[in-house]
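Structure first, commentary second.
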Amino acid sequence: VHSVVDYVSAAEYQVYPWGINDPTEGNRTTLHLPWLKTLSTDWHIDGKGWYSTTRGNNAIAQENPTGGPEYENNYRPKSPLFIFKYPYSKAMTPPSSYRDASITQLFYTTNVYHDVLYILGFNEKAGNFQINNWNKGGVGGDYAILNSQDGSGVNNANFATPPDGQPGRMRMYTWNASIPERDGCFEAGIVIHEYTHGVSNRLTGGPENSRCLAALESGGMGEGWSDFFATAIRLKPGDTRATDYTMGEWASNRPNGIRKYRYSTSLTTNPHMYVDADGLTSVHAIGNIWASMLYELLWNLIDKHGKGDVTKIRPVLKNGVPTDGRHLAMKIVLDGMALQPCLPNFVQARDAILDADKNLTQGSNKCEIWKAFAKRGLGVGAVFNLSKRTGS
């Protein structure tokens, strides 16, 4: 046992580190013990054993070229010394030639996100994804199943979220809009987007009910929350409210990304308003509107509280409140999910965020929150009607 502990204490991963969204933003780096150490465990144990592969309490990552339901016996890299360093370059082809690097990247990104969310409140009681909940509440037995290069599709990704106690399943695909084709596991925003579906489905309506985002508008907000967290996490030190971001631009090989409008605080660049949801039947289109509002909220809180050191993984909290505007926005949006009703609409989700801030900070950010939503038509007088919304 002591020798295994010694090896884990030397664990290394060659990956695009946290904050680098895709290969255009930086280089792969060898990271030593990247997990956040104050949490209950490292990434390779679950209370029952040590795993010298991409498996642990929070996730199990493997390839799935057939696209089938099996995963436990699928291929995953193994390293008795816990050294997960494998070759990858953007020119390598086919994707199967760099499967070890892909699986390792997926395992790394997901585990870091699990740790960040844990600090922000998505823990065992909230219904997070862990095999062992260490007697801290919730239902265990539900790590996230992570399929790299899943053969059930292309040019997309998805996350299936059953109730607490049953594993979530992420399917990451390859994208064929470029030569050579690209692996979505190397675009962190896509991985974070998909995992956030698990978060929003577990929190809304309670972890025992994972069908509370099944309506059109609530499902659209599910897409929006996923875009929002992916975008907030990729902020750079020099970013300002004039900085715009896209979604999925690297994997899709589209400079403008896969949404109608970039995320921007400019109404010229992104003119989306609440009433634009009238007549929409696509959850992704509705989500683009919701995430645009949350992007306004993000920058209002950053302008008030600062961005913090975005090169650091760990959120800094004082008395349970993030000290920077970026993580504060993430925290109240996360808390709002747990407060809103099952099958919420925009108005109800907005009110839940206001309630979350009231609970967390005694409402000290009320004005910044209202200004963000009112700028895009979800102000005090906004009224929900599926076919005829009232903006304000």
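Using N, Cα and C of the backbone, Cβ positions are placed for all residues, glycine too.
According to Swiss-Prot, the protein carries these features:
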- ASN27: N-linked glycosylation site (CARBOHYD)
- ASN176: N-linked glycosylation site (CARBOHYD)
- HIS193, HIS197: Zn(2+) binding site (BINDING)
- GLU194: active site (ACT_SITE)
- ASN359: N-linked glycosylation site (CARBOHYD)
- ASN385: N-linked glycosylation site (CARBOHYD)
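Shown here: features listed in Swiss-Prot, placed on the structure.
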residue	record	DSSP (3 states)
ASN27	N-linked glycosylation site	coil
ASN176	N-linked glycosylation site	coil
HIS193	Zn(2+) binding site	helix
ASN359	N-linked glycosylation site	helix
ASN385	N-linked glycosylation site	coil
Task: Sorry to bug you, but what's the C-alpha spacing from GLU194 (active site) to ASN176 (N-linked glycosylation site), rounded to the closest Å?
output: 19
Task: For HIS193 (Zn(2+) binding site), identify the closest of the glycosylation sites ASN27, ASN359, ASN385, judging by Cα separation.
output: ASN27
Query: C-alpha of ASN27 (N-linked glycosylation site) to C-alpha of ASN385 (N-linked glycosylation site): distance in Å?
result: 47
- line: Taking only the CA atoms, the spacing between ASN359 (N-linked glycosylation site) and the residue listed as 'active site', expressed in whole angstrom, is 28
Cβ packing number for ASN359 (N-linked glycosylation site), 10 Å threshold: 13
Message: To see if you understand the setup: which same-chain residues, six or more apart in sequence, place their Cβ under 8 Å from that of HIS197 (Zn(2+) binding site)?
response: ASN158, PHE159, THR161, GLY222, SER226
